[in-house]
Structure formats: C-alpha cells, structure tokens
Amino acid sequence: QLTPSSFLRIGQLSNVDLNEDIHELETELPRQRPNEIPHNEKLLSLKYESLDYDNSENQLFLEEERRINHAAFRTVEIKRWVICAMIGILTGLVACFIDIVVENLAGLKYRVVKDNIDKFTAKGGLSFSLLLWATLNASVVMVGSVIVAFIEPVAAGSGIPQIKCYLNGVKIPHVVRLKTLVIKVCGVILSVVGGLAVGKEGPMIHSGSVIAAGISQGRSTSLKRDFKIFEYFRRDTEKRDFVSAGAAAGVSAAFGAPVGGVLFSLEEGASFWNQFLTWRIFFASMISTFTLNSVLSVYHGNAWDLSSPGLINFGRFDSEKMGYTIQEIPIFIFMGVVGGILGALFNALNYWLTMFRIRYIHRPCLQVVEAMLVAAVTATVGFVMIYCSRDCQPIQGSSVAYPLQLFCADGEYNSMATAFFNTPEKSVVNLFHDPPGSYNPMTLGMFTLMYFFLACWTYGLTVSAGVFIPSLLIGAAWGRLFGISLSYLTKGSIWADPGKYALMGAAAQLGGIVRMTLSLTVIMMEATGNVTYGFPIMLVLMTAKIVGDYFVEGLYDMHIQLQSVPFLHWEAPVTSHSLTAREVMSTPVTCLRRIERVGTVVDILSDTSSNHNGFPVVESNPDTTQVAGLRGLILRSQLIVLLKHKVFVERANLSLVQRRLKLKDFRDAYPRFPPIQSIHVSQDERECMIDLSEFMNPSPYTVPQEASLPRVFKLFRALGLRHLVVVDNRNEVVGMVTRKDLARYRLGKEGLEELSLAQT
C-alpha cells in the first residue's frame, strides 16, 4: 500500500504534499491546493540517507577473507581494471552518440530555418520565419522537458550537484539508475537542439557516473536483470570509487581533458582518495577520451587523424602569435575580478529564480510550460537581435557554417547570426579564433547582455542541460569585447589579440559561476592544447573565485543547499570548537541486545517515527548489576536480511535445513533492501530469539562524549562513516552522531548557525 508519505520518500525534488490531491477530490471547496509551497533555505531534509563507506568487519567478512586466497585477490584487482576500461569505452561511446545526433538534428533545423529566412527576406513577411523558428524550438524542448518532468525528475539540470552529493556520501534517490541515464541523454540532445542556452558537457559527468555505477554492480534494477558478474563490488565502498572514475571519464570525454577529469573527481567529488584509485581513474579517463577521439575521427572520415579529443574543442592556440607579456598580467587579474562579480550576479539571480521555482512552479505541467516559454523567448530574442543588427562581414575567408545574408549586400553575412544561429560550442570556438575585426563591439555587447539573462533563466529548468558552455560563451563574448576596446585604446598594438582575451574572459566567467580552481585550470589548458596560458588562466580563476566567494557561494553548492541536502564540507565550521559530541549527538538511541526477541526487532524496524538505520548492540545480561556495555553495531539492512531468511536461534539445531548465511546473501539484497512491511513474521516466530553476534560489526567507531565538534567531524568525514556511536567513560551508549547532526552546523553571516531539520 502506498501512503502519501511513501510517495514523498521516493525522492521527488519538488516537495509537493500529495495529501492535497485527496482533499481536492473529497471536498469541492475552491482553492484547496496551495499555490505557494513555503520553502526555507535554512533547512536540512531528512529524506536523504547516507552511504556507508565503512566495511562491517563481522564474522562472515572475516571468514570470507580467510577463504579467499591470494590468486582470488589478484582476479578482483584485474576485474577493477577491466571495469575501469569498460567505463571509459562506454562513456566515450555515449558522448559520440550525443555529439553525432546533436550535430545532425541541429544542422537540419538550422538549414530549414535558413532557407525559410532567405526565402522571406526576398519577398517580405519575415514574421513567418520567426514563428517557424520559435515553434521548432518550443516543440523540441517540450519533448525534452516532458520526459524529464514526468519520467525522471532527477535527470534535470547538469547532474553535477547530484554527483557531488553522491561522492560526498549522500544517497540521492534514483541518481545512478539506468533510466536516469536514458532520460539524461535524450533530454540533453533535445534541449541543445531546441536552441536553449545550454551545453551538453555537464550532463556527460552524470552520464559517466551512471555508467560506472551500473557496470560495477553487474546488474540493472531498471531492467530487472542480474548478470551475476562483479558480485564482489556490491557495496557502497566499491560503488562510490567507481562512480568517481565515471565522473572523471565524463569530464575527459566532454573536454578532451583526462588529467582535468581526475582532478575534477578529486576536487569536487571524492572524499576518500588513495594512490591506486588515482591511477585507475586516470586510466578510465584516458580510455574515454581515446574512444571518443577514434570514433569521431572515423565518423568525420579521417580515420587516422585523431583530432577531436573532446565534445568541445577550443581549437589550437599558437604560442608564437598568441604569447603574452608581463605587463598584461594585471589586465588578466582585472578580468578575473570582473568575472567574479558577474558570476556572483549570475548566481544571485539564479538563486532567487530557483526559490521562486520551488515555491510556485512545482507541478510537472507548469515546469514543461516554463521550458517551452524559455525556448520560444530564446528564439525570439535571437531573431530580433539578428534582425536589428547591421553588422555585415565579407563571406570569403570566413568559416561560417550557416551564413545568413538577411539585409546585407551580396557576398556578406550578418555577424550577429554567427553567434545566435549556431550551437553554443561552435559560437565559443568562433569567438576564440575569428580574426580581429570580425565582430562589431556593439554586436558583442548586446549579445553578452542578452545571453547572460537567457543562460541564467535556463539553468534550473526541468531539462537536462549543463551550464559550462553558456558560461564560456558569455565570458568569451565580453572578453573579446575587452580585447577590442584595448586595441582601440593602444592604437592597435600587436599584443591586443582579441582571441586571447576571449579565452581569459571565458575562464573568468566560468570560474566566477562554478568556483572550481585546480581542475578548471587544467581543463582549460588541455582543451586549448597550450601550456603557455597555464599561469594567466590560474591567476584569472583564483581571482574570480576569491571575488565571487566574497558575495555568494558557487552555483553547484547553492543548488545543493537549496535542495536541503546534508552535505559535509572539507572542514567543520571554524568557530565550532566549543561544541562537544554531547551537544551534537542524537538521543535517545534505540539499542538492541545481543540476543534479542524477533518481535522486538520487527517492532523497532516498523516504527516509522524513528526511521533509524543503525542500532548499537549491547550486552544482554539479565543480571542488572552489570553495565550494559557497547558490543557492536548492526544495520537495518542486515536485520532485514536476517528476518527474511529467518535466522533464529530456535532453528539453529535444525542444521540440516538451515544453511548458514554468507556475505553473498547480503550483497544480493544491495542496494535496495526490501522494506520491513514486505517481510511476514508470524506470531510464533515473534517469540523466537535472534542472535546478532556474528552479523554485527564488533568494532564500530566510537567517540567519548567530551570530544569537540571538529574532532568528531574529521573522524566522520575522513572515514566516510554513516554512524558514529558516542559513549561515556563506562562504555555505555549515550548517543549517536549521523550526517544530519554534523551538517546542521554552518557558518552564516553572524557566525555559527544551526539549521532545523524538516521531514520533506
């Protein structure tokens, strides 16, 4: 039976309470449904569970380890490398698929619209062309938005915030499902073809992660198939490592930047890191960019020339004519400041917009309508800008894909049209590489202004789309404008080549919006294929981050906070040393005795008010004088498997019937353990006893109740725990620290603030 609250737990990001539908049916009162959902950013949602990075070292685990010999460990290690290679190959192929389909569909759309415009320019009546363009865009985006809003809401946006949360240890429902991948890929193709101000690079990271999670588990819950391979990797620890490899492979397929991918995984994602992992992730990234390169080279017809390492290729920047001198460095730093301010403005606008969306546009049909509106407006703005622009450039010697003549003389084309009448990736490359003098400053200024607001409005729509390319495009446009005005001021000196400033502007704008430093520097260096610019790009990004952080946090962190995810940052808040574990922990703790009545276990698990996932196990002496010391920790998932297999003490002597449970039984139930309601326990069985000693983790991590918050935080964060037991000096359980207890404390404007917890 599905109660309304279980719908909420399925994990829709819009927190609509479904009780209201029922009210509406019962009473025909007007306005029963709220138009506004109160949403407060100072909340932490309780619907997100934590991932458990810590292995339970119970007796089953130790027995399995004794059974496995050295050769078997060898094969596990080989399997890891095989999985990483498969992740790389599949991510590369998905990227190729997206690229080829987008290229063909967008090309078809632009050809149709261009022929139409050319036809109507001659005989008047251009409003038909505008109608055609807007209708094409809106209908394509409608399909892309419907599949996201109605089938899989998690696939909305770029997916980077969700993957950051997953690698941080938060289990976001449905985030690494096969269904999400399919919707993500189709959605991204449709939204790019629909002409929205979006890129197809961000979603590649999410796609790579889904591929990694799927392959490493060797089965798919969406297809209900179990391929019986890689069973050893069915636990959070392994899955999470592979997901970070998948995210890296996604970055490297998107930008042709394998090292950038590894650093992205390190900087944005993984909380736990070791040397072997680095090497495997790098391997997956390299394989992914190589696969993409070879397939696209074959597709473009030059099979031996590996020239397209990523989905976006910034083209070559030659050091000879594009070097920089020492006196330009202050100029670059100034561009970084501008990028930081513009990025902060972008984030602040998007923040208010997202708050508005959460409150008012929470129904799928409204979300689809909004997406169609944005698509139509984008087309209209583009058309009006092209129509009003009088900036004509000669056609010969220029590499424009769809030159629109419009009102220009024969042999000339409209240069505003190259910016709007193209996929954003192509426009970025044009801004980097077109020779000086191909753009009018007026054109660039208008374009920057318009595109800034369009991109800001588009991010957070219910479509799959990335924010990387629009940011680069905005930055490249104002950077080129900056370069042109510099060469005006310096009477056309040789060093003011606008392409170089376009690159710096793009870096500054992107850094100001997403606030990544290390990985972004390397991604830009690898994508431009030029190490000379490493230093200025690094300076620009650092400046943009410092300036932006002064105003508002990065876009991804902001969206994580708006979804009330209990995200743990690298460090505890600086002023929190005065808080101790006693003040932070959750009490009272539900403990189990080592030999417990089955009825008690079932009642505790069925109790919805205290939805706990970990239970400390204490000594079960009937003698009251002795202290009930902590003996171990057992998880809800383990208890459910025990009840399902009916492992009771009374049956232990029927050893013929009963085979002992192995770790494999626990792994086969992972990751979706059946809910307790689906397990039937009869009245007689409730009176049986259940012995937890060989299934519980006998050495859980504990802290004394006097430990300060930063110490608790460090232990919790560095080991990736899910439960941390707080004990007093007699080893009695006094409390339990979970992720929500630590994520509650945050540094606000006035100092340390504590967030409240909400059920939604």
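Note: Cβ is positioned from N, Cα and C throughout, glycine not excepted.
Not measured: the values here are computed from a predicted model.
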Among 181-199, 371-389, TrEMBL marks as transmembrane the stretch 181-199
Beyond the flanks of the transmembrane segment (181-199) by at least 6 residues, Cβ under 8 Å: 94, 97-98, 101-102, 105-106, 109, 133, 136-138, 140-141, 143-145, 147-148, 151-152, 155, 159, 206-207, 210-211, 214, 312, 374-375, 378-379, 382, 423-425, 451, 454-455, 458-459, 461, 463-470, 472-473
Can you give me the average pLDDT across the domain 'CBS' (696-754), rounded to a whole number? 88
If we skip the immediate neighbours and take only residues 6+ beyond the ends of the transmembrane segment (242-265), which ones have a Cβ under 8 Å from one of its Cβ atoms? 83-84, 87-88, 91-92, 94-95, 163, 166-167, 176, 200-202, 204-213, 215-216, 233, 277-278, 280-282, 284-289, 291-293, 308-313, 468, 516, 518-520, 522-523, 525-527
Which stretch, 277-299, 329-353, 442-461, 501-525, 531-552, tops the Cβ pairs under 8 Å count with the transmembrane segment (81-102)? 277-299
At a C-beta cut-off of under 8 Å, are there same-chain residues at least 6 beyond the transmembrane segment (130-151) that contact it? List them, or none. 109, 112-113, 116, 179, 183, 186-187, 189-191, 193-196, 364-365, 367-368, 371-376, 378-380, 382-383, 461-464
What are the helix, strand and coil residue counts for the domain 'CBS' (696-754) according to DSSP? 16 helix, 22 strand, 21 coil
Looking at the stretches 277-299, 329-353, 531-552, which one shares the most CB pairs under 8 Å with the transmembrane segment (442-461)? 329-353
